Every structure is written in structure tokens, then in C-alpha cells.
């Protein structure tokens, strides 16, 4: 080892500084040519091998979960327990897995993820193997081991996707994650099949629980010798932007912003729909044009608040949330009313077709093209790849939504001019067997009744 290569001796394995470790100079001869590495510090070939190993382990995780389901009748008979008691096996596992996931999320954001997964999977394999030797008088011990299995699975499930995220970006990341999560249904089915088949062959359900531990130890070996820890965020970080680790409370606070936005969306959706319907009911007493007028008012009132929420996005978090709350509430006022308008201006035999056209047109002119258009506008505004320009260009492009809302309000105002006539035509529509047909008359077409033609 050369005198300048100090980190290899001084860096502890249980440390994030170990991430992205590559081959070191052994001091003998000239360095061998290496495969080109990406910003993550991992070559493309090694990255794909890493995904393959992670998929194998994910498959194994779900095999273990559903192995118990495959032999559950035999477990109930062995311990002389009821369906309700046997259901505790899954409940205990899920509770352990659920409550320990945040702990391993905390550890995974701060320490070497590869080591955490190795320890967790090794522990899970040992506990699963131990559960296969429990006697019939110790059902409580089986419950305990199933709870401890949740420890191992939580250590893996919370961390593995983040490694894939640090290896790939954009479409390739999506493809790799789809392969990774494809292991869930496949592993679940295999667990049930393998568990029940091993039980049938051996005549003892204990042997079904001894399949996955051996495969789990193989997974630990593959993790140690195949998987290489990538550098966190390096593949997508900006050159001038360095990622700094924050405290756990700061992480929770940042994540809660997404939670707050989700809660705002739920609450405003309920308030907007309910208030829109009630306001429309009250206005119908005064004018038959209440429905389109309420829809127009909702969109026109939402536009300035959406505009302000975008403009204040960087200046004030509290103000942004307030404007989002008001904007989304007004925006949601027309949902139920639009559906009602569509139904009462169309005769019953054509309403399904009308609903279909409404769905096609609303998505065609809305969420089908809007993400692409906003992205195109953002790209055209952006003058550099700096963080500030990415933020500003996207901020400016999102302002288009406010102007579209104004345009929508104008269309609803125009609808108010015709709503009475259209509703009257639909309500008074009378189908007739003597419907007019078109016949030529001196080179020009004209409409006459069927009966007049027959006479």
C-alpha cells in the first residue's frame, strides 16, 4: 500500500466514509486499467450486479414472509391453536417490521448501508432457522422469533431502494426499481409454494422454515463480495452543490412538509367539494345559472392564490401553505358540480357516452399534456444547470397553471349563457318514431317527416 493511501487503514467499516470504495493501489507494478466508473463510484457492470443481488434478497424476503402461510394449517394443528391465534404470527411480524423501519431508516441515512444489510440479513437467517426447532409447548417462542424476523427485514427493505437510487437516475432508475419490486409477487408466490411443497415432502412443517436461512447466508456472502456501496447522491448532485447530513429531527421536519402538503390536499378537497355544492344549492334559489357561476368563481378565486403560493415558495413556508390551502379549496369547488352539469344537460340514454367524452377531453387538455408542456417551458427558460436556475425555471413554468385557471373560469362564465337552454332541451326531449329525415329538394336538402314520405 502506498504512503498516500491512508483512508484504507483509518476509515472504519461502519462508516459512511467507506461509501464508493474502489480498488486501491497495492504498490506492486503499475496500476491496471479499470472499468470506467460513474459519479456514484460504481462501474455500470457492478451496478447491475448490485441490483441483481438486491433483487435476489428481496425475493428471499417475501419468500420467507409467505412460507409460514403455506404451512399455517400444520402450525395450527401442531400447537393446537385457533385461526385467531395463528393470525398473531403475521401481526407480530408486521408490527415489528413497521416500528423498526424508522430506526433502520435513520441508520441507513448515516452509516454504511452494506454492513447494516449484512448484519440484518444474517440475524434474520439465524432467527428463522431457530424458529424451526421450537417445540409444541412454546408457541410464544415462535411469536418471538417472527417478531425478530421483522428486525432483519426492516434493515433491508428500508435501505436497498436507496442504493439503487444512488446507482441510477431517470428512466434507468425506474426500470431497475420495477425489476426490484417485481420480486414481491414472485417471492410471495414462491414462498407459499416452497413452504407447502417442502412440508408435503418431509411431512414436517419445521423443514419449510429451514429453506430460506441457507439462502439468506448466501445473500450475505453476495452482499459482502459483489455489492459495492455507492456515493450518496453523487449521481444526481450538482457540481457546486454538496450534500450535508442533517440531524434526525431536521430530516423528520423536512419529510413532514410532504405530509403537510398531503394533508392540505385531502382537507381542501373535502372542504372544496362540500362548499361548492352548498353554495350552488343556495344560489339556485336566485338563479338557474348557479352551477356554472360557482365553477367560474372557484377557478377565478383559485388563480391568484395558486400564483401567490408559487411566488412565495422560497420566501415563506407558512404563507405558501396558506395560499395552497385557499387555492386548492377554491379549485375543488367545481368537481361535483361539473359532473352534475354534464348529467342534466344530456339525455339519459347518452350520458355514459358523454361521461366518456368528458373524461377523454379533460385528461387530453389537462394532466395528459400539462407535465410535458410545463417541462418544455421550464427547459426553454433555464439558462444553466445550476440549482437556482432549475428552481426559477420550474417556478416560472408552473405559473401557467394560474392563467389556465383564469381561462377555465372564463369558459364557465360563457357556459352560464347557455346552461338554461341546454338543460331545458335535455329535460323536454321526447323521442319520436316520426323523426325527420333528409331528402333532396331541387338540388338542395331539406328535412321532412317519415309519415309524409310514406303517404
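Cβ coordinates come from backbone N, Cα and C, glycine included.
Curation does not apply to TrEMBL; its annotations are automatic.
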Pick from 397-419, 420-442: which range does TrEMBL record as transmembrane segment?
397-419
Need the matching range: TrEMBL marks transmembrane segment on one of 147-169, 239-261, 262-284, and I'd like to know which.
147-169
If I count Cβ-Cβ pairs under 8 A between the transmembrane segment (207-227) and each of 176-195, 293-315, 321-347, 397-419, which range comes out on top?
176-195
Contact ranking winner - 115-135, 176-195, 293-315, 321-347, 397-419 against the transmembrane segment (359-377), Cβ under 8 Å:
397-419
Could you pull out which residues elsewhere in the chain have a CB under 8 Å from any CB of the transmembrane segment (176-195), counting only those six or more residues past its ends?
51, 54-56, 58-71, 160-161, 164, 167-168, 205, 208, 211-212
For the transmembrane segment (147-169) against the transmembrane segment (115-135), do we get 3 or more Cβ-Cβ pairs below 8 Å once near-sequence pairs (under 6 apart) are dropped?
yes
